[in-house]
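Okay, so here's the structure we're looking at.
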Protein chains: 2
Amino acid sequence: MTVGELSEGQILRGILDRLPPSTAPVGPGDDAAVLAVPDGRVVATTDTLVHGPDFRLAWSQPFDLGFKAAAVNLSDVAAMGARPIALLVALAMPDATPVSFVRGFADGLAAACAELAPGCAVEGGDLTVSDTLTIAVTALGSLDGREPVRRSGARAGDGVYVIGELGEAARGLEVLFRRFTDAEGAPVPVDPALLDSAEARALSRQLRPRPPIAEALEAAASGATAMMDVSDGLVLDATRLADTSDVTIAFDSATLGDDPGLALDGGEDHGFLVTFPADAVPLGRRVGTVEPRGAEAVTVDGRAWTGRGGWDPYRDWDAGRG
Amino acid sequence: MTVGELSEGQILRGILDRLPPSTAPVGPGDDAAVLAVPDGRVVATTDTLVHGPDFRLAWSQPFDLGFKAAAVNLSDVAAMGARPIALLVALAMPDATPVSFVRGFADGLAAACAELAPGCAVEGGDLTVSDTLTIAVTALGSLDGREPVRRSGARAGDGVYVIGELGEAARGLEVLFRRFTDAEGAPVPVDPALLDSAEARALSRQLRPRPPIAEALEAAASGATAMMDVSDGLVLDATRLADTSDVTIAFDSATLGDDPGLALDGGEDHGFLVTFPADAVPLGRRVGTVEPRGAEAVTVDGRAWTGRGGWDPYRDWDAGRG
């Protein structure tokens, strides 16, 4: 059975039946949802996953895609210090998409909300037909009376911390492109029996990232001066934070684990880069110091970073395959 | 120059430079926006336009698409009785998309906000690569202390009103499919010189709908018991409202203009279907009465409606063409 054989209403019921019930003043089913944000401010962000540039169905299970589409948006809400309260999910699918895809996708959305942001629910969405499977999620959050933690608040003398993992998701992506492609470079399904435990772990982080949302909210409550989601790689994201705050972020490579290059350049981990003043009780692990703005936005061991600055193997792939 | 030749940051600046400045506590540029909703409730909706099923570049100018993508979402917010305050715009484009497309699209977004919902701004978004041009917009609104106007509030004895036009957008779509396709059925650019004034008007309503947002908010403040955006055709949408309210909507075809069939079945006008109690001062034009629930959700002149119930010529088109 494919989605092309069902009405929009039937597909929608198949999704809503698998999601936790709405707790909003007005949930799914009207022209729009109404959500409670008691302190009078709502945090809002949107992020899209497109088949081809962002994922391959040969590698990602439907559950993985639902989980990841939720997780990457929940992390952006949490990076402001806000508690995620709702997702709106726009799903554009080819008519030939199996109905089982929609069920697995909905289960992944529900699992991500339950595990990463309990109380957050899917409160609205949209279904359309498209030649290209596309998942556009909007996440909304409540600050619960706190001030938002922006990218612009880092001050010289603050400590630089990372909450969450670095480089694991990029390592997983490398496993996919190196081990699970055919002679023409097209993706082939992952055989778990071929993976050692480190590879399996890295692959899981790539396909189903678990941003530490609760810790990010704790960091906001503990006096973080700046925070952001690390999605495009630590150096690239730290450069944005440094430029916005008009400071230099000085990393110490000895704090970055076995493969500092991967930690500095690998994207998609969806951990958090946080700065804390000296008198705060910080969370995460310290990876550097905020310095007055120098010639470089970011330094590693006192020098400019000459790493590859992010690696995106999806970028030039033919979206028609896999 | 195409978007594939520019960085995401360069494309984004080209968009933001053409939009009115943010008035939000935190606008574009951080992990998420922060928006003020003084009464502690936010209204949220999302709607997607996909090249192929929803529009054709041969027919729609980039400005039209920006305008329409904003308008169809603004109307859903207003249908709850809420004032639109912000849009989040996710744009997935092929690398070969001309940069001029992005500029025209941004101008259309800005024009729709200025004309339909002054004070509403684009406060966030996302840019991705896709084989299929896809526009996913989320609109957020503030109830400003009013109760939301839901689909479930219609009561027997209420008058049924329409604010806005009916059938014009469908007439415009028919003009496109009948007059501006080649021998194989592929779309060809519209030559305005070939249109009479009625056709030109209908085409404009199809390509650049202008939902009467201000009147919808006035209806909410004037005691409307139920309201919804008319996007899929009057009968189909009234059926949803009638089912949710557990009533029958009885239309009088004499109130529906020269072509009642088109008014009842034509979609995409993005006017508003509203019910008012007898003691309210209604807005719009009266088209029927709410009756106790009978065998039919909707009647026309006392009988079940046997019209086509919506016409979607895009549905079976090959999305690869035009």
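Heads up, the Cβ atoms here are built off N, Cα and C, so glycines get one too.
Here is what TrEMBL says about this protein:
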| type | residues | note |
| --- | --- | --- |
| DOMAIN | B:29-142 | domain 'PurM-like N-terminal' |
| BINDING | B:Asp31, B:Asp76, B:Asp229 | Mg(2+) 3 binding site |
| BINDING | B:Asp31, B:Thr45, B:Asp76 | Mg(2+) 4 binding site |
| BINDING | B:Thr46, B:Asp47, B:Asp126 | Mg(2+) 1 binding site |
| BINDING | B:Asp47, B:Asp76 | Mg(2+) 2 binding site |
| BINDING | B:Asp54, B:Glu268, B:Trp311 | substrate binding site |
| BINDING | B:Gly125, B:Asp126, B:Arg151, B:Ser231 | ATP binding site |
| BINDING | B:Asp232 | Mg(2+) 5 binding site |
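Structure coloured by features recorded in TrEMBL.
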residue	record	Cβ within 10 Å
B:Asp31	Mg(2+) 3 binding site	27
B:Thr46	Mg(2+) 1 binding site	25
B:Asp47	Mg(2+) 1 binding site	27
B:Asp54	substrate binding site	24
B:Asp76	Mg(2+) 3 binding site	28
B:Gly125	ATP binding site	24
B:Asp126	Mg(2+) 1 binding site	21
B:Arg151	ATP binding site	23
B:Asp232	Mg(2+) 5 binding site	18
B:Glu268	substrate binding site	22
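A count of other CB atoms within 10 A of each Cβ picks out B:Thr45 as the most crowded of the binding-site residues B:Thr45, B:Ser231.
Using a CB-CB cutoff of under 8 Å against chain A, the binding-site residues that qualify from B:Asp31, B:Ser231, B:Glu268 are B:Asp31.
Applying DSSP to the domain 'PurM-like N-terminal' (B:29-142) sorts its residues as follows: 35 helix, 47 strand, 32 coil.
In sequence order, B:Ser75, B:Asp76, B:Ala78, B:Ala79, B:Pro211, B:Asp237, B:His270, B:Gly271, B:Phe272 constitute the residues six or more apart from B:Asp229 (Mg(2+) 3 binding site) in its chain with CB-CB distances below 8 Å.
Nearest neighbour of B:Asp31 (Mg(2+) 3 binding site) by Cα distance, taken over the binding-site residues B:Asp47, B:Asp54, B:Asp126, B:Asp232: B:Asp126. Between the CA atoms of B:Asp232 (Mg(2+) 5 binding site) and B:Glu268 (substrate binding site) there is a gap of 6 Å, rounded to the nearest whole number. The binding-site residues recorded for this entry are B:Thr45, B:Asp54, B:Arg151, B:Ser231, B:Glu268, and the Cα of B:Thr45 lies nearest to that of B:Asp126 (Mg(2+) 1 binding site). In this structure the C-alpha atoms belonging to B:Asp47 (Mg(2+) 1 binding site) and B:Arg151 (ATP binding site) are separated by 18 Å. In sequence order, the binding-site residues near B:Ser231 (ATP binding site) (Cα within 10 Å of its Cα) are B:Glu268, drawn from B:Thr45, B:Thr46, B:Asp54, B:Glu268.
Note on proximity: among B:Thr45, B:Thr46, B:Asp54, B:Glu268, the binding-site residues of the record, the Cα nearest B:Arg151 (ATP binding site) is that of B:Thr45.
A straight line from the CA of B:Thr46 (Mg(2+) 1 binding site) to the CA of B:Asp54 (substrate binding site) spans 15 Å. Within the model, the domain 'PurM-like N-terminal' (B:29-142) carries an average pLDDT of 97. Note: the CA-CA distance between B:Asp54 (substrate binding site) and B:Thr45 (Mg(2+) 4 binding site) rounds to 18 Å. DSSP assigns B:Asp232 (Mg(2+) 5 binding site) to coil, not to a helix or a strand. The two recorded residues, B:Glu268 (substrate binding site) and B:Gly125 (ATP binding site), have Cα atoms 24 Å apart.
B:Thr45 (Mg(2+) 4 binding site) and B:Gly125 (ATP binding site) are 14 Å apart (CA-CA, integer value).
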